[in-house]
Amino acid sequence: MHKHYHQAKFLLSCPSLKGCPPDEGYEVIFAGRSNAGKSSVINTLTLQNKLAKVSRTPGKTQHFVFFELDKDRRLVDLPGYGYAKVPKRVKTKWHKDINEYFNKRDCLRGTVLVMDIRHPFKLFDQMVLNWCHSINLSTQIILTKSDKLKKGAASNTYLKVHNQIKKYPYVDVQLFSSLKKQGLEILGARLNTFFGYVD
(Lines of atoms letter the chains of each structure in order from A and count residues from 1; the text may use other names and numbers.)
(Lines give C-alpha, C1' and ligand atoms only; values in the text may rest on other atoms or scores of the structure.)
Protein backbone atom coordinates (compact mmCIF):
# COMPACT_ATOMS: atom_id res chain seq x y z
CA MET A 1 0.00 0.00 0.00
CA HIS A 2 1.42 3.38 -1.00
CA LYS A 3 2.22 5.62 1.97
CA HIS A 4 0.37 8.58 0.47
CA TYR A 5 -3.01 6.98 1.21
CA HIS A 6 -2.17 6.92 4.91
CA GLN A 7 -1.26 10.62 4.75
CA ALA A 8 -4.61 11.65 3.28
CA LYS A 9 -6.17 14.74 4.82
CA PHE A 10 -9.44 16.60 4.43
CA LEU A 11 -9.15 19.36 1.84
CA LEU A 12 -12.62 20.83 1.36
CA SER A 13 -16.32 20.12 0.97
CA CYS A 14 -18.53 21.84 -1.58
CA PRO A 15 -22.19 21.52 -2.67
CA SER A 16 -21.53 21.88 -6.39
CA LEU A 17 -18.83 21.86 -9.06
CA LYS A 18 -18.26 25.59 -8.62
CA GLY A 19 -16.52 25.09 -5.30
CA CYS A 20 -14.21 22.27 -6.42
CA PRO A 21 -10.41 22.64 -6.36
CA PRO A 22 -8.71 23.73 -9.61
CA ASP A 23 -9.23 21.17 -12.38
CA GLU A 24 -5.64 19.90 -12.45
CA GLY A 25 -3.62 16.94 -11.23
CA TYR A 26 -5.34 13.60 -10.56
CA GLU A 27 -8.69 12.81 -8.95
CA VAL A 28 -10.32 9.46 -8.23
CA ILE A 29 -13.94 9.45 -7.15
CA PHE A 30 -15.72 7.13 -4.77
CA ALA A 31 -19.34 6.73 -5.86
CA GLY A 32 -22.07 4.54 -4.45
CA ARG A 33 -25.60 4.24 -3.18
CA SER A 34 -26.46 5.57 0.24
CA ASN A 35 -25.20 3.20 2.93
CA ALA A 36 -23.11 1.14 0.49
CA GLY A 37 -20.07 1.81 2.64
CA LYS A 38 -18.13 4.49 0.74
CA SER A 39 -16.90 6.28 3.84
CA SER A 40 -15.81 3.03 5.47
CA VAL A 41 -13.81 2.08 2.37
CA ILE A 42 -12.02 5.45 2.40
CA ASN A 43 -11.28 5.17 6.12
CA THR A 44 -9.97 1.62 5.73
CA LEU A 45 -7.80 2.64 2.78
CA THR A 46 -6.26 5.57 4.64
CA LEU A 47 -6.02 3.86 8.06
CA GLN A 48 -7.95 6.82 9.49
CA ASN A 49 -11.20 5.87 11.22
CA LYS A 50 -12.65 9.37 11.19
CA LEU A 51 -11.36 10.86 7.94
CA ALA A 52 -14.60 10.27 6.04
CA LYS A 53 -17.66 10.61 8.24
CA VAL A 54 -19.57 7.35 8.62
CA SER A 55 -23.28 7.76 9.30
CA ARG A 56 -26.16 5.42 9.95
CA THR A 57 -28.38 7.93 8.17
CA PRO A 58 -28.58 7.23 4.41
CA GLY A 59 -27.56 10.15 2.25
CA LYS A 60 -25.50 11.93 4.90
CA THR A 61 -22.85 12.83 2.30
CA GLN A 62 -24.56 15.65 0.38
CA HIS A 63 -21.46 17.45 -0.85
CA PHE A 64 -18.41 16.69 -2.94
CA VAL A 65 -15.79 15.95 -0.28
CA PHE A 66 -12.13 16.18 -1.30
CA PHE A 67 -9.24 14.48 0.47
CA GLU A 68 -5.69 15.43 -0.49
CA LEU A 69 -3.01 12.75 -0.87
CA ASP A 70 -0.34 15.15 -2.10
CA LYS A 71 -0.35 18.46 -3.96
CA ASP A 72 -1.37 16.76 -7.23
CA ARG A 73 -3.67 13.91 -6.14
CA ARG A 74 -7.09 13.80 -4.47
CA LEU A 75 -9.75 11.30 -3.43
CA VAL A 76 -13.31 12.54 -3.92
CA ASP A 77 -16.30 11.26 -1.95
CA LEU A 78 -19.41 11.88 -4.05
CA PRO A 79 -22.90 12.44 -2.61
CA GLY A 80 -24.53 9.10 -1.77
CA TYR A 81 -27.31 8.34 -4.24
CA GLY A 82 -30.30 6.02 -4.28
CA TYR A 83 -32.72 5.61 -1.42
CA ALA A 84 -31.46 8.54 0.62
CA LYS A 85 -34.20 10.11 2.71
CA VAL A 86 -33.96 13.55 1.15
CA PRO A 87 -36.43 15.66 -0.87
CA LYS A 88 -36.82 14.86 -4.56
CA ARG A 89 -35.46 18.27 -5.56
CA VAL A 90 -32.22 17.46 -3.69
CA LYS A 91 -31.92 14.11 -5.46
CA THR A 92 -32.46 15.87 -8.79
CA LYS A 93 -29.69 18.34 -7.96
CA TRP A 94 -27.31 15.50 -6.96
CA HIS A 95 -27.99 13.77 -10.27
CA LYS A 96 -27.28 16.96 -12.22
CA ASP A 97 -24.12 17.78 -10.25
CA ILE A 98 -22.67 14.26 -10.47
CA ASN A 99 -23.39 14.06 -14.20
CA GLU A 100 -21.70 17.44 -14.68
CA TYR A 101 -18.69 16.28 -12.65
CA PHE A 102 -18.18 13.19 -14.82
CA ASN A 103 -18.46 15.15 -18.05
CA LYS A 104 -16.52 18.32 -17.21
CA ARG A 105 -13.78 17.33 -14.76
CA ASP A 106 -10.63 16.83 -16.88
CA CYS A 107 -8.47 15.70 -13.95
CA LEU A 108 -10.71 12.69 -13.26
CA ARG A 109 -8.58 9.54 -13.63
CA GLY A 110 -10.75 6.74 -12.28
CA THR A 111 -13.84 5.70 -10.36
CA VAL A 112 -14.28 3.40 -7.38
CA LEU A 113 -17.92 2.29 -7.60
CA VAL A 114 -18.98 0.99 -4.19
CA MET A 115 -21.82 -1.54 -3.99
CA ASP A 116 -23.21 -3.45 -1.02
CA ILE A 117 -22.59 -7.10 -1.97
CA ARG A 118 -26.11 -7.94 -0.76
CA HIS A 119 -27.70 -5.44 -3.16
CA PRO A 120 -25.41 -5.02 -6.21
CA PHE A 121 -26.15 -3.31 -9.48
CA LYS A 122 -29.17 -1.22 -8.66
CA LEU A 123 -30.41 1.32 -11.20
CA PHE A 124 -28.14 4.09 -9.91
CA ASP A 125 -25.07 1.85 -9.98
CA GLN A 126 -25.77 1.11 -13.63
CA MET A 127 -26.21 4.81 -14.30
CA VAL A 128 -22.79 5.64 -12.84
CA LEU A 129 -21.18 2.79 -14.76
CA ASN A 130 -22.73 4.09 -17.98
CA TRP A 131 -21.37 7.57 -17.26
CA CYS A 132 -17.90 6.09 -16.77
CA HIS A 133 -18.19 3.99 -19.91
CA SER A 134 -19.29 6.98 -22.01
CA ILE A 135 -15.99 8.76 -21.26
CA ASN A 136 -13.80 5.62 -21.23
CA LEU A 137 -13.07 6.05 -17.52
CA SER A 138 -11.43 3.13 -15.70
CA THR A 139 -13.63 1.82 -12.90
CA GLN A 140 -13.05 -0.48 -9.94
CA ILE A 141 -16.25 -2.00 -8.55
CA ILE A 142 -15.99 -2.72 -4.83
CA LEU A 143 -18.45 -5.27 -3.42
CA THR A 144 -18.43 -4.13 0.19
CA LYS A 145 -19.55 -5.90 3.35
CA SER A 146 -18.49 -9.26 1.92
CA ASP A 147 -18.16 -10.50 5.50
CA LYS A 148 -21.97 -10.31 5.73
CA LEU A 149 -22.27 -13.31 3.37
CA LYS A 150 -20.92 -16.83 3.60
CA LYS A 151 -17.90 -17.47 1.40
CA GLY A 152 -19.89 -19.39 -1.23
CA ALA A 153 -22.60 -16.75 -1.50
CA ALA A 154 -20.01 -13.97 -1.76
CA SER A 155 -18.19 -15.85 -4.54
CA ASN A 156 -21.45 -16.37 -6.43
CA THR A 157 -22.28 -12.67 -6.28
CA TYR A 158 -18.76 -11.80 -7.39
CA LEU A 159 -19.05 -14.11 -10.42
CA LYS A 160 -22.48 -12.73 -11.30
CA VAL A 161 -21.21 -9.14 -11.27
CA HIS A 162 -18.04 -10.18 -13.11
CA ASN A 163 -20.20 -11.59 -15.91
CA GLN A 164 -22.31 -8.42 -16.02
CA ILE A 165 -19.30 -6.18 -16.63
CA LYS A 166 -17.67 -8.20 -19.40
CA LYS A 167 -19.01 -5.77 -22.00
CA TYR A 168 -17.17 -2.88 -20.32
CA PRO A 169 -13.46 -2.75 -21.30
CA TYR A 170 -12.18 -0.61 -18.43
CA VAL A 171 -14.04 -2.14 -15.48
CA ASP A 172 -12.93 -4.65 -12.85
CA VAL A 173 -14.60 -6.00 -9.71
CA GLN A 174 -13.41 -7.21 -6.32
CA LEU A 175 -14.68 -8.29 -2.92
CA PHE A 176 -14.06 -5.95 0.00
CA SER A 177 -14.60 -5.96 3.75
CA SER A 178 -13.69 -2.97 5.89
CA LEU A 179 -14.17 -5.10 8.99
CA LYS A 180 -11.71 -7.81 7.92
CA LYS A 181 -9.51 -5.58 5.72
CA GLN A 182 -10.27 -7.92 2.80
CA GLY A 183 -9.39 -6.60 -0.67
CA LEU A 184 -7.30 -3.69 0.57
CA GLU A 185 -4.16 -4.58 -1.39
CA ILE A 186 -6.14 -5.10 -4.60
CA LEU A 187 -7.81 -1.72 -4.22
CA GLY A 188 -4.48 -0.06 -3.44
CA ALA A 189 -2.86 -1.51 -6.55
CA ARG A 190 -5.73 -0.29 -8.73
CA LEU A 191 -5.57 3.19 -7.23
CA ASN A 192 -1.82 3.30 -7.81
CA THR A 193 -2.56 2.79 -11.50
CA PHE A 194 -5.17 5.56 -11.51
CA PHE A 195 -2.86 8.00 -9.73
CA GLY A 196 0.35 7.05 -11.50
CA TYR A 197 2.06 5.92 -8.29
CA VAL A 198 4.96 3.49 -8.59
CA ASP A 199 5.77 1.27 -5.59
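Note: Cβ is positioned from N, Cα and C throughout, glycine not excepted.
Annotation source Swiss-Prot lists GTP binding site at 32-39, 59-63, 77-80, 144-147, 176-178. Feature annotation from Swiss-Prot assigns Mg(2+) binding site to Ser39, Thr61; the stated evidence is sequence analysis. Feature annotation from Swiss-Prot assigns domain 'EngB-type G' to 24-197; the stated evidence is sequence analysis.
Everything Swiss-Prot records as a feature, shown here on the structure.
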| residue | record | CB count, 10 Å |
| --- | --- | --- |
| Gly32 | GTP binding site | 28 |
| Asn35 | GTP binding site | 21 |
| Lys38 | GTP binding site | 27 |
| Ser39 | Mg(2+) binding site | 24 |
| His63 | GTP binding site | 16 |
| Pro79 | GTP binding site | 25 |
| Lys145 | GTP binding site | 22 |
| Phe176 | GTP binding site | 29 |
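Under the three-state DSSP scheme, Ser39 (Mg(2+) binding site) falls in the helix class.
Distance from the CA of Ser39 (Mg(2+) binding site) to the CA of Gly32 (GTP binding site) is 10 Å.
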